[in-house]
Structures are given as structure tokens and as C-alpha cells.
There are 2 protein chains.
Amino acid sequence: MIRVGVNGYGTIGKRVADAVAAQPDMELVGVTKTSPDYGAEAALRHGYDLYAAIDDRAAAFEDAGLGVAGTLRDLLDAVDVIVDCAPAGIGERNRATYEAHDTPAIYQGGEDAAIADDSFNARASGEIGDVDSLRVVSCNTTGLSRLLAPLDEAYGVEKARVTLVRRGGDPSETDRGPINDVVPDPKTVPSHHGPDVNTILPDVDVDTAALKAPVTGMHTHSVNVTLERKPTTAEVRELLRAETRLFLIPEGAGIDGAGALKDYAADVGRPRSDLWENCVWEESISVEGRDLYLFQNVHQEADVVPENVDAIRELVTDTSRAESLARTNEALGVGLGSLLSDDGTARDQVAADD
Amino acid sequence: MIRVGVNGYGTIGKRVADAVAAQPDMELVGVTKTSPDYGAEAALRHGYDLYAAIDDRAAAFEDAGLGVAGTLRDLLDAVDVIVDCAPAGIGERNRATYEAHDTPAIYQGGEDAAIADDSFNARASGEIGDVDSLRVVSCNTTGLSRLLAPLDEAYGVEKARVTLVRRGGDPSETDRGPINDVVPDPKTVPSHHGPDVNTILPDVDVDTAALKAPVTGMHTHSVNVTLERKPTTAEVRELLRAETRLFLIPEGAGIDGAGALKDYAADVGRPRSDLWENCVWEESISVEGRDLYLFQNVHQEADVVPENVDAIRELVTDTSRAESLARTNEALGVGLGSLLSDDGTARDQVAADD
């Protein structure tokens with residue numbers, strides 16, 4: 001059993017904790033919080049041991065009636081690997097602590113690539129050597145890497161150009177904007193997202209331009225990929241449909257935005273209405289000459305969650321990449337099919353469930 | 001076993017169906033849909049028998065690969081009670097069909113009060129005689145009735161004045177507005193919501209003014225109640241805390257809006273992040289002279305769900321109101337407590353779960 005700790009039980013951390021707890025080969029030793037709020041209460045409700053992220057705050061938890069099992073240092077001593085889910089930039093401050101405890105660490109994509117020995121995406125990363133730390137790339141980079149890897153393998157990517165219409169904040173972040181604008185962010189083009197994709201796919205030529213919109217549900221990508229070969233639209237749809245971490249939104253489903261996508265996730269029983277897969281609008285997939293176009297949505301709270309699970313195995317076991325992907329998908333139920341899609345995957349599944 | 005059908009498997013219908021299926025004394029015979037979209041697929045995934053709401057549409061379901069068990073008429077013949085969850089105004093059109101089949105019917109609050117023999121709220125309705133139909137009042141009226149009933153019983157309500165800041169549409173309704181305004185809706189004051197409360201509490205004097213805001217998560221009520229007697233703030237908090245379908249958001253929880261409330265609902269394991277209870281901001285509860293003030297949030301997709309379950313028992317059994325409320329709360333898990341609140345309910349519950 002791999003003993004795992006999660007430092008920071010927030011938007012990503014609570015999801016990673018649940019995903020780790022669902023793996024047969026992992027044990028969630030505990031999670032940390034900086035303050036005794038509803039998130040800390042949630043950890044206890046889930047039966048997870050709670051640790052104070054900051055040494056001198058342990059008393060505040062006890063005062064609020066929430067028992068803690070210790071502090072971050074105690075957690076680090078008890079685990080094989082720590083998953084840092086602190087807010088962007090705090091991971092860099094935590095690094096020295098992890099290194100002082102000789103604890104292998106996984107960081108999130110909000111940190112600079114230099115924080116870890118390598119960056120990671122389960123589908124698209126090449127072979128990773130003997131490293132002490134990994135950085136799971138951001139939700140947007142994860143979404144782009146999953147899409148570009150199969151396209152590059154099948155047809156060759158000559159050049160990818162992507163406009164990222166990003167959500168302004170998460171649903172609970174009442175202090176984020178914009179509230180009535182679409183803002184270039186960053187204003188410089190290309191944005192940093194393209195180079196971040198190159199930490200995973202170094203040979204894929206990709207430029208990105210990023211905006212922020214007044215929505216909280218998901219990011220939306222408008223994708224153009226000039227391919228080296230010239231597949232048909234149908235061939236690309238089949239190629240993408242075969243990827244377990246891509247979901248092709250069926251044409252007839254009546255799903256017209258992030259709201260309906262989340263509704264669909266709840267309908268299929270997903271915890272927190274989470275969408276771990278890229279959601280690609282099937283009707284949008286279109287090939288004109290060698291130019292492929294499509295829209296995809298990425299759930300910023302969720303798509304990196306299975307990647308973190310695979311990063312844990314990559315870092316501290318010799319499990320193969322394919323084996324880890326399969327185990328993670330199986331344990332979580334990653335891989336959305338629809339009754340209404342052409343391949344009938346979900347139709348068969350419903351029949352089997354009956 | 002009470003055999004129940006749900007006509008219209010949309011935002012309310014899918015939730016009512018799940019709630020009915022969770023009751024030990026009820027059997028969900030089937031649900032209807034007008035078209036074979038992702039909602040119809042969801043019904044099949046849940047193992048519910050699917051019926052075509054419109055006779056000549058059955059073939060469209062078969063064409064989409066979704067098997068149907070029959071049409072609405074077949075469903076009506078097989079049930080003791082039908083719960084109409086069609087969009088507002090369609091219930092009125094459905095009424096003749098239900099009456100032709102002699103099927104007792106429950107309607108939603110989007111219909112005129114005249115559609116049914118009586119209107120219903122499980123906490124606040126007076127005794128209901130021998131009726132063939134009930135109308136569960138709207139989400140806003142439900143939220144107000146639950147709040148005003150205990151206040152009237154304990155202190156007497158001289159006059160209630162409420163501003164309703166309503167959500168513009170549900171999360172999946174991409175065609176609703178406003179997107180950048182707060183609009184008086186209706187422009188006339190008082191609005192129709194006060195008289196609707198009087199279908200439940202005929203003797204409570206209440207005026208309402210309604211606005212619509214560019215949000216999809218919840219309605220927010222700014223409440224003033226001039227009381228006949230003069231309780232302390234602490235007494236009102238204790239009174240409201242004792243109500244199973246009110247949730248007092250604890251001061252220290254760090255919950256600052258509908259986004260965090262939904263997050264909290266997901267944390268405690270609620271399906272679809274549903275909040276069946278009125279969510280009353282504990283810090284806002286304040287008594288000045290005989291004037292009580294508070295803010296409460298109402299989840300428009302969810303708060304009427306337990307009320308529909310109780311309405312079914314009210315309509316077709318002689319179960320007492322108190323017994324039905326207790327059964328519904330138990331089967332669904334209605335009644336949120338927090339580790340962080342004064343009474344320690346949830347703290348005890350977590351201890352018991354361990």
C-alpha cells in the first residue's frame with residue numbers, strides 16, 4: 001500500500017483525497033487544513049485524519065471542536081508521498097519542508113515547472129526517469145496535452161493554435177472576476193500555456209491566447225490544429241472517441257453548455273458533478289483541408305484529479321503507465337460514454353447494469 | 001406500497017423521482033420525457049422505466065436507442081398518484097388527462113393555485129381535507145412558509161416584508177437572463193409571492209418585492225418580520241435551529257455565498273449538491289425592537305423535493321403529517337447540522353458514524 005498525504009484540503013485537495021482513498025493500492029493517511037472551516041469539517045465527515053498545515057494553528061482546530069491528529073510534519077513522517085494541493089505559489093514555500101523530511105512530493109500546475117524534477121500527464125508524458133518530485137500540469141495544460149498527444153501520434157501536428165476562454169474563478173470564489181467582461185489574461189500573446197504544454201510534449205508546436213470570462217463552471221478551448229496528414233472528420237471523431245479521458249458530447253444529447261454538462265455528470269452519479277474527462281463538442285470536430293477545428297470544455301476543479309493518482313504511482317512505484325491509467329480509470333469510473341453516441345458503449349453498460 | 005409516477009423528468013422531476021425511489025413505502029413506477037435527450041438517458045441509467053410524455057413521440061425514443069415502456073396514459077393506469085413536474089403552465093394542460101384516468105395528482109408551484117384542490121407545505125399547511133389533488137407551492141413560497149410558520153407560532157407575526165433576489169435561471173438554462181442587471185420582476189409591488197404564502201398561511205400578513213439577478217445557484221431572501229412579542233436574537237436562533245428543514249449556516253464555517261453552500265452540500269455527500277433546507281445565515285439573524293431581520297438562501301432546484309414526497313402521503317394515505325415528515329427526512333437525510341455550530345448535532349453524528 002502506498003501511504004499518501006494531501007497537503008491542502010481545498011478545491012483540488014479534497015478531490016485528490018477522495019480519489020486516493022478509492023484506489024485499492026493506496027492508503028490516505030491524512031489531509032491538512034490551515035483553518036477550521038467547513039472544509040476541515042468535511043475532512044472529518046469523510047473519516048479522514050486531519051492535520052494542521054501550520055504548526056501553531058493546531059489549537060485553533062481544537063477550539064472549534066475539530067480534533068487534529070498532528071501537524072504537517074507528523075503527516076510527512078507517516079507517508080511515502082505527499083501531494084501538495086496548496087494554492088498556487090505556496091507549493092514553492094512548502095518544498096523545503098518536504099525535502100527536509102525526505103518525502104517525495106507531487107505539486108500542482110499553479111507552480112513553476114522548475115519546482116519539480118519533471119512535469120507530468122499520464123496520457124502524454126514521455127518516459128520519466130528516477131525523480132523525487134513531479135508536477136501535475138494545470139487543468140488547461142492537462143486538457144491540451146490529452147488532446148494533442150493522440151492527434152500528433154496519428155496524423156502529426158504541424159502547428160496548434162488555441163484560444164482559451166477561461167473561467168474567472170471557482171464556484172465558491174466570491175472575490176474573483178471579471179463579473180461583466182471578457183478580459184485578455186495575460187494580454188501578451190502567445191500565453192504561457194503553450195510552453196507549459198511543451199513540458200509534456202516538447203516537440204509539438206503550439207501557440208495559445210488566453211482570455212478570462214465571467215463564468216465559474218469550466219474552461220472552454222477553441223482549438224485549431226494544422227495536421228501533417230489529412231484525415232476525414234469521421235476519422236478524427238473515432239480517434240478521439242477511443243481516448244478514455246476524452247468525452248465526446250453526443251450531438252443529440254441536448255447538452256449546450258457547462259451547466260448541462262455538470263447536470264449530466266450529476267445524472268451519471270459523479271461525485272461533486274465532476275468531469276474528469278475533456279468534454280469535446282462532437283458537432284464541432286471538423287476538418288477543412290489539413291486544419292482541424294473543435295471546441296472542448298475542461299472542468300478546472302476535476303480534470304487533474306486522475307492525473308494526480310497516476311503521478312503518485314509514477315513517483316513511488318514501478319507500475320507501468322498503462323497499468324496505472326487502467327487502475328485509476330477503473331477505481332474512479334473515468335470514461336464517459338453516452339447512450340446517445342454512435343458507439344453504444346454506455347448503452348451496453350446500462351444493459352449490463354440492469 | 002404507494003405506486004408513484006413522475007410526469008416530466010427535468011430539473012424537479014429527476015429529483016422527485018430519486019426521492020420517491022428512496023422511500024421505503026413508495027414504488028417509482030416510471031417517469032416521462034418529451035424527447036430522447038441526456039435526461040432520458042439518465043432515467044434509464046437510474047434503472048427507471050421511461051414513458052413517452054406525448055403519444056406520437058414514442059418512436060423518436062426508439063430511434064435514439066432508448067427503450068420506452070409506454071406512454072403517459074400507460075403510466076397513469078399503473079400508478080396510485082402522478083406527480084406533475086412539467087414546466088410551469090403545462091400542468092394545467094395535463095390536468096384533464098389525469099382526471100380522465102381518475103389519477104390523483106400533485107402539481108408544482110409554477111401552476112396557478114386554482115389547479116388543485118389545495119396548496120401544500122409539509123411544515124406550514126393546516127389540516128387538509130379529502131382532496132384529489134395538491135399543489136406543492138414554489139421554491140420561494142416553500143422557503144417563506146417554513147420560516148414564517150415557526151415565527152408565527154412562537155411570537156406572532158404582525159407583518160412580514162421580504163425582498164426576494166431571485167436567480168435568473170437554473171444552471172443548465174442558457175437561454176435565461178438577465179446577464180448583467182438586477183431587474184424588478186414583477187415591477188409591481190407587492191409581488192404575487194405574498195398571496196402565494198397565504199395559500200399556506202392564510203392569516204399571516206406578508207408583502208413581498210421580487211428582483212431577478214444574474215445568478216443560477218440559489219434565491220436569496222432579505223427578510224424583515226415585525227413580531228407581536230419581542231424575543232432575543234439568541235431565542236430566535238434557537239427556535240430556527242430546531243426546525244429540521246432550516247439550516248443555520250454557522251458563523252465560523254467560512255461559507256460566504258451560494259457557491260460555498262453548494263460546495264458544502266457536496267462535502268456532506270448530497271446528491272447533485274442539493275440543499276433541501278432553507279439556508280439561513282446565522283450571523284444575519286438579528287432582533288431590533290420587535291423587528292427581526294435575516295438573510296436566507298433557497299435552492300430552487302431542491303427545496304420542494306421533500307415537500308413533494310410528503311404531499312404524496314398527504315394525498316393518498318392517512319399517514320400523519322409529523323410521521324410523513326419524519327419518514328421523508330430519515331429516508332433522504334434532510335437536516336443539516338454542522339460541527340461548527342453551537343448545538344453539536346453534527347459533531348455527535350460524526351462521532352456516531354466513526
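Each Cβ is built from the backbone N, Cα and C atoms, and glycine gets one as well.
Curation plays no part in TrEMBL annotations; they are all automatic predictions.
Of the residues proposed, A:R161, A:R167, A:R241, A:R245, the one TrEMBL records at the same NAD(+) site as A:T11, A:I12, A:G110, A:Q300 is A:R167.
Of the recorded residues, A:H193 (D-glyceraldehyde 3-phosphate binding site) and A:G110 (NAD(+) binding site) place their C-alpha atoms 11 Å from one another. With helix defined as DSSP H, G or I and strand as E or B, the region 'Disordered' (A:167-196) counts 4 helix, 3 strand, 23 coil.
In sequence order, A:P87, A:A88, A:G89, A:G91, A:S138 are the residues near A:G110 (NAD(+) binding site), counting only same-chain partners six or more apart with C-beta under 8 A. A simple Cβ count within 10 Å picks out one of the binding-site residues A:T11, A:Q300 as the most packed, and that one is A:Q300. Summary of the D-glyceraldehyde 3-phosphate site environment: with the site residues A:S138, A:C139, A:N140, A:H193, A:G194 set aside, the chain residues having Cβ atoms within 8 Å of the Cβ mean position are A:G109, A:V137, A:T141, A:T142, A:G143, A:L144, A:L164, A:H192, A:D196, A:V197, A:T208.
A:C139 (D-glyceraldehyde 3-phosphate binding site) and A:R167 (NAD(+) binding site) are 11 Å apart (CA-CA, integer value).
Reduced to three states, the DSSP call for A:N140 (D-glyceraldehyde 3-phosphate binding site) is helix. According to DSSP, A:Q300 (NAD(+) binding site) is assigned to coil rather than to any helix or strand. Other residues of the chain with a Cβ within 8 Å of the Cβ centroid of A:T11, A:I12, A:G110, A:R167, A:Q300, the NAD(+) site, are A:C139, A:D170, A:E301.
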